[in-house]
Structures are given as structure tokens and as C-alpha cells.
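Here's what TrEMBL has on this protein:
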- 437-458: compositional bias 'Acidic residues' (COMPBIAS)
- 118-153: domain 'EF-hand' (DOMAIN)
- 154-189: domain 'EF-hand' (DOMAIN)
- 500-616: domain 'PI-PLC Y-box' (DOMAIN)
- 616-745: domain 'C2' (DOMAIN)
- 435-465: region 'Disordered' (REGION)
Amino acid sequence: MQQGTLMRKVKSKSWKKQRYFKLQEDCMTIWYQSKRTGKTESAFSISDVETVREGHQSEVLQSVAEEFPPERCFTIVFYGRRGNLDLVAGSAEEAQCWVQGLRQLIEPRSFPLTFALVSRTWIRDWFQKADKNKDGRMNFKEVQRLLKMMNVDMNEDHALRLFQDADKSESGTLEGEEFVLFYKALTQREEVLSLFQEYSEDGKKLTLLELVDFLREEQLEDEGTEELAMELIDKYEPSETARARHVLSADGFLMYLCSLEGSIFNPQHRGLWQDMSQPLCHYFISSSHNTYLIEDQIRGHSSIEGYIRALKRGCRCLEVDCWDGPNGEPMVYHGHTFTSKIPFREVVSTLGKTSWGNSSSPPPLMGIFPHSSHPQRYGQSTAVQGISVLPETVQDPGAQGLWRHWVAQSASLSPPPQELKHKILLKGKKIGRLEDSLDGPGDEVPDVSDDDNGAEAEEERRRAKVSPGRGECWWMVLPSRGTQHGSALQKDKETLAQALSDCVIYCKNVPFRGFQEARSHSRPSEISSLSEAKARKLIRDEGNEFVRHNAWQLTRIYPSGMRTDSSNYSPQEMWNVGCQIVALNFQTAGMEMDLCDGLFSQNGCCGYVLKPPFMRDEETLFNPSDPSSREGPGPITLTIQVISGQQLPKVANSKEGAIIDPLVRVEIYGVPADQAHQETKYIENNGFNPRWDETLQFQLHVPELALVRFVVEDYDKTSRNDFVGQFTLAFANIKPGYRHIHLLSKDGTSIPPSSLFVHIRITE
């Protein structure tokens with residue numbers, strides 16, 4: 001990699017240019033240049049790279065799959081909305097060299113390394129931006145320009161004093177380590193130093209016992225505190241001498257507070273920490289709407305990138321709409337619109353490669369709905385052939401045996417996620433009952449023809465006919481909304497191909513005819529889809545019945561057909577009644593997706609979150625409109641002291657030299673009684689190290705359902721405030737004490753090293 005590697009940069013099937021790529025000596029910058037002209041075309045920082053994908057895991061590389069084997073191909077994915085970089089190496093060995101090397105650089109083994117690396121990278125990036133004449137040195141005029149770029153409005157005399165203190169060579173310029181000294185002086189954290197000295201007897205170090213006192217009194221660590229203190233010293237203290245003496249310096253203290261252990265997000269909840277043996281209906285499931293679209297619903301681009309991004313984001317319920325295509329090949333797109341099209345086979349192939357993050361990942365729900373004509377939908381069974389490329393779907397004998405067990409042993413429940421690992425659940429139309437398709441030789445359908453069960457027998461005969469509905473699996477290929485109305489009902493009466501019907505094992509879609517009808521005749525293996533408007537009416541009129549229904553059967557909510565711009569509704573009101581599959585447009589950034597990311601960032605980001613106990617009880621009295629109906633302790637008080645901010649980003653497309661006036665707003669999302677927001681005053685002209693020192697307080701009646709969103713905005717007295725950054729998490733994942741909040745961009749990506757420093761208290 002150090003000598004430069006000749007690779008093909010691929011933008012399309014017809015655009016493949018050879019470029020030299022090289023990792024710079026700092027191991028943090030990559031440049032590439034044209035082979036023909038020798039001109040350097042671009043450079044990017046390792047800190048801009050989110051992940052590296054191997055093989056044909058992009059739409060562009062799939063289009064050239066016949067020309068280049070997967071072992072030579074890889075994709076560099078950047079944070080934010082920057083396009084992917086698709087590359088083809090000269091050999092599999094070269095490809096692996098780049099893939100493994102990049103992964104080691106972007107996925108350090110420990111968070112302290114990440115923090116140190118980010119700080120160094122951030123310093124270097126700013127140095128390069130401000131070094132106007134590119135001589136590797138910065139004079140005071142360039143430093144003044146840098147301060148403006150970094151959101152700092154500093155008194156000129158004070159800035160000159162810092163500059164002169166760092167200029168050890170007395171050359172009138174800063175270079176190398178001199179600039180690092182200037183940066184450290186600039187980023188001195190007085191509020192952290194004050195906290196450190198409060199617990200340090202000599203003001204220079206924290207002894208082991210002093211650190212234990214801090215952890216117990218402030219961070220509320222009450223188990224194994226001495227062992228934890230030793231671990232933190234070993235992990236974050238930069239001085240070998242101090243580590244040997246079991247003491248923590250001010251630098252080590254700051255590194256701890258900026259680490260995962262010092263984050264507001266409880267580190268114990270980052271991994272898979274919840275019970276995964278409950279029925280499927282007892283979980284909230286991360287779900288997307290029209291997953292193939294990466295833009296609007298009318299003229300937007302359809303791409304397998306939509307599926308890859310959703311799955312990488314933790315989505316476990318995906319939609320696929322199949323329509324007629326050329327040469328008997330079904331295509332995926334938004335029907336009766338101008339959206340582009342992608343082959344169904346490519347979609348399924350992509351899902352098969354990217355559905356499981358690791359061996360413990362629960363199943364993806366894939367909803368497949370065929371809108372195509374009879375030959376493509378049934379006769380040729382191309383869709384079924386396409387599904388066969390998946391590693392292992394639920395129609396295999398093992399899955400059928402598992403389903404027989406659940407039908408026989410627990411007819412009132414659906415199987416748990418942990419029993420469905422490495423499976424793909426298909427949701428769709430079904431000929432007859434799910435149980436009937438599993439009855440092999442020697443199996444008999446129960447006799448329900450006696451007089452006492454006559455009504456039930458008639459209902460079974462009625463349900464044996466094909467029901468109108470949508471296709472779906474733990475990747476969901478779901479029908480478009482139009483299939484629920486008008487002429488679509490007539491089409492649903494067509495005889496479904498047995499092969500396609502047999503793929504549906506767990507999730508049979510049925511129309512919703514009311515909660516009493518469902519309780520009398522529906523089964524846990526069935527699922528209904530509701531529009532956001534219908535769901536809101538049920539929440540308003542029958543909130544408790546809705547919660548009870550969702551305790552034993554799956555419900556899917558989808559956006560209004562009027563949301564042609566791919567906007568989203570708030571998922572919180574749907575989660576408040578226990579709806580499991582709340583489908584959102586993942587391509588659209590905003591508060592709604594922040595809530596989705598915030599809820600599902602826990603539990604290993606597996607896309608499943610266990611509902612509270614009072615929402616898993618079929619006889620529950622809970623109604624979100626009446627918090628007193630919740631069984632359990634009374635309200636709790638959440639107190640948040642917003643102390644400071646660090647290195648906040650500038651507003652996108654702001655004028656050169658503009659400096660933000662930041663404020664922090666804390667928003668609570670939950671049951672109606674808990675919905676609230678409060679904000680700090682704004683700090684004028686300081687996005688680098690603003691100090692608020694303001695306390696906000698909230699009362700939560702149903703904390704189990706609450707989400708807390710921290711938003712930083714640039715105050716504007718004449719127009720709407722501009723977004724700067726945000727972080728959202730479930731209340732259950734908040735760690736009390738002095739904590740850093742590492743901010744995310746509008747589209748949910750990290751923006752290091754931007755953060756907030758807060759103090760959290762939770763009391764009953």
C-alpha cells in the first residue's frame with residue numbers, strides 16, 4: 001500500500017478508469033491520481049470512512065460482476081451523503097491487502113486509541129486547511145483564520161499569547177508538535193479540571209481510593225468499584241509511571257470521561273443484553289418502508305444500496321415490491337410511478353449476503369409481494385427460484401419442524417428470535433392455514449366439526465381461501481398500499497402458486513377487521529398491516545385493546561400514500577401501543593429516524609428490542625393515554641445539567657468566517673403525558689467550547705417507553721434555528737453521572753470529536 005496500487009475506479013458498467021491509490025505516511029490520508037495524466041484527483045481521510053465491503057456489495061459492482069470476480073472487488077463507504085468508492089484491484093491479494101488494512105485503521109481495537117486517533121486526525125485536518133501556502137508552517141495570520149474555521153471567536157491578544165507560548169523555536173510560525181501544543185492549550189477543559197481537582201487531594205492525580213470515591217459518589221457505580229477503577233487506570237492513563245503507581249492523571253481522567261465508559265449510553269446495553277426467548281410479538285422490530293428507494297416515492301432511484309444501508313443500520317424488516325420485467329424476470333420498484341427498477345434476483349442475492357451481522361443476529365423479516373402478471377408471479381415461479389439463492393430460508397425441514405413444535409406446544413404464541421437465527425422469515429399470501437402446509441404423511445388436521453365448534457369450523461373453511469394481503473419475511477417484500485383497495489381485491493382471488501405459498505411458514509397476512517374479530521378468529525402466526533391514519537384512530541378510540549392485541553399478534557404500520565416525498569410519521573405513538581413493525585423511510589433524515597436509531601442502538605443493534613412487561617400481558621390494563629394504568633412504581637424525575645460543548649461543527653453551507661451561536665434542547669418522546677422539551681440559552685459566537693451550566697428537569701410517568709433526544713442548534717433570531725447535531729437514546733439506556741454525549745449528524749453518522757458534557761441524575 002505504501003508504494004501506491006493501480007486499481008480500477010468504477011462508476012458504472014461503461015465508466016472504469018485506472019487510478020493509483022496510496023496511503024500517506026501519516027496512515028490517515030489516502031490520495032489517488034490518474035494513470036494517464038498523473039494528476040492527483042482526490043484525497044480523503046480515514047476518519048471519513050464508515051466501513052469497507054468485500055465483493056459485489058454495491059449496485060455498481062454487481063453490474064460488472066461478470067467482468068470482475070468478487071474477490072478482486074471492494075467498496076469504500078463514507079459517512080454522510082458522500083457517494084461510495086467502488087474499486088477493482090489487480091488481484092485478490094491486493095484487494096485483501098487494502099480491505100484488511102483499511103479495516104484495521106477504521107476499527108481500532110480500543111476506544112482510547114479511537115479517541116487519540118480522532119484528536120490527532122482532527123488536528124492534522126485543520127492544520128492542512130489553514131496552511132494556505134502549504135509550507136507546513138502556520139503564521140499568526142493563518143492561525144487567526146483557523147480559529148474562525150474552528151468556530152472560535154477569540155480575543156486577539158489571548159490568541160497571540162497562546163501562539164507565542166507554543167512557538168518554542170521562536171520562529172514566528174508553528175509546525176509539527178508546536179501546533180499540537182497550541183491545540184492542547186486551546187482545548188483546555190476547565191470544567192473537567194475543576195471536577196478532577198474536587199476529588200484529588202494534591203490537584204495533580206487521583207489515587208486509586210480517590211477514583212473509587214468519584215465512581216461511587218458521582219458515577220453511581222456500586223458493584224466492583226475498586227476493580228473498575230484499576231481497569232480504568234490501566235486502560236486510559238497515558239503515563240507508564242502513573243499506571244505502575246495505580247494513579248490517574250488529569251489527562252487520563254479526561255480520556256476516561258470521553259470514552260465508552262464515560263458515555264451517557266450504558267456500555268452494558270450495547271451488546272445483546274435482552275432476553276431473546278420471548279415470542280416475536282413481544283419485540284419492537286426495526287422496519288423500513290419501500291426499502292429499495294433511496295429518494296422520493298414518485299421519481300426516486302431504486303437501488304440495492306437501499307437494502308444494504310438498511311441492514312447495516314440494524315433494520316430487520318424489509319420490503320420488496322415485484323412487478324413485470326423483461327424476459328420473464330420480475331423487477332423491483334414502486335409500481336405506477338417513475339422510480340427506476342432493479343432485478344428481483346439482485347435484491348435477493350444482496351439480502352442473502354448481508355442479512356446477518358454475526359452468528360447471533362436474529363432473523364430478518366422479508367416481505368415479498370408479487371404484483372406481476374400470472375406467468376412471472378406464478379407459472380415460471382421466478383420469484384421462488386430467486387428465493388432459493390438465499391443461504392437458508394424458513395421453508396427448510398428444520399424450520400418446519402420448529403413450527404410444528406410451536407403449533408403443537410404453544411398455539412397462543414409465536415416462536416422466539418433466538419430459535420430463528422440464520423433463517424429468513426417470509427411473509428405473504430398463503431393457501432389455507434399455515435398448519436395445513438406442514439402436515440406431512442401421518443399428520444392429521446384436527447377435527448373441529450362437532451356442534452360446539454361449528455362456528456370455528458366454518459371460520460377455518462373461510463380462512464382456507466386466499467386472503468388479500470402483503471408478502472413479507474424477516475426481510476419484508478410487502479405489497480404496495482394500493483393492493484388493499486378496489487380492483488386489487490379481485491386480483492387477490494387468483495389461485496396462488498403452491499411453490500410460492502409453501503415459502504410462507506410463519507407470517508400469513510390477513511386483513512384487520514377489529515380487535516374482537518381478531519381475538520375470536522385470528523392466530524399468532526398471522527399479521528395485519530395498518531396505515532398510519534388507521535392506527536392513530538385505533539390508538540385514540542381503543543388504546544388498551546390495541547396494546548392487548550399487540551401482546552399476542554404482530555401489527556405492521558406503514559406511511560400514508562400522501563408522503564410522496566418519503567417523509568416519515570412519528571414512530572413513538574405506534575410504539576406506545578406495542579406495534580412491532582413500524583415501517584419508516586430510512587432514506588429520509590430527521591427526528592423520526594433519530595428516534596428509530598435511538599431505540600434500536602441497544603441490544604447489539606440487532607434490530608429487536610424487548611417490550612416492557614406490561615405490554616407483553618394479553619390482559620394488561622395499560623393505555624398510553626392514561627399513565628396511571630401502568631402497573632409499577634410511580635413517576636421518576638430526570639435531571640440534566642448541560643455543562644459544556646466541545647468542537648461543534650459549523651452549519652452546512654454557512655458563510656465563510658461565520659461562527660455558530662449554539663443552544664441545547666432536550667426533547668422527551670413517550671406517552672402523551674411525558675412529551676416535553678426544554679432548552680438552554682444560546683452562547684454567542686462560540687461553537688468550539690461553549691459553557692451553559694444550565695439544569696433541565698423532566699418528570700416521566702412511563703419511563704420504560706421514553707426516548708431522550710439531545711439537539712444542538714445554531715440560534716437565529718430572524719429565522720428558524722439551524723441544525724448542528726443530535727444524539728438520541730432510550731431512557732432505559734442512560735447511565736447517570738458526569739457523561740459525554742457524542743453527537744451525530746442529521747443522517748445519523750458520527751461527527752467526531754463533537755460532544756456535549758452533562759451531569760445526569762435520576763430520582764424517584
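Easy rule for this one: first residue shown is 1, then count along the chain.
Keep in mind that glycine also has a Cβ here, set from the backbone N, Cα and C atoms.
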Segment confidence, the domain 'EF-hand' (118-153), expressed as mean pLDDT: 74
DSSP-derived helix, strand and coil totals, residue by residue, for the domain 'PI-PLC Y-box' (500-616): 48 helix, 21 strand, 48 coil
Secondary structure content, the domain 'EF-hand' (154-189) (per DSSP, counts of residues): 21 helix, 1 strand, 14 coil
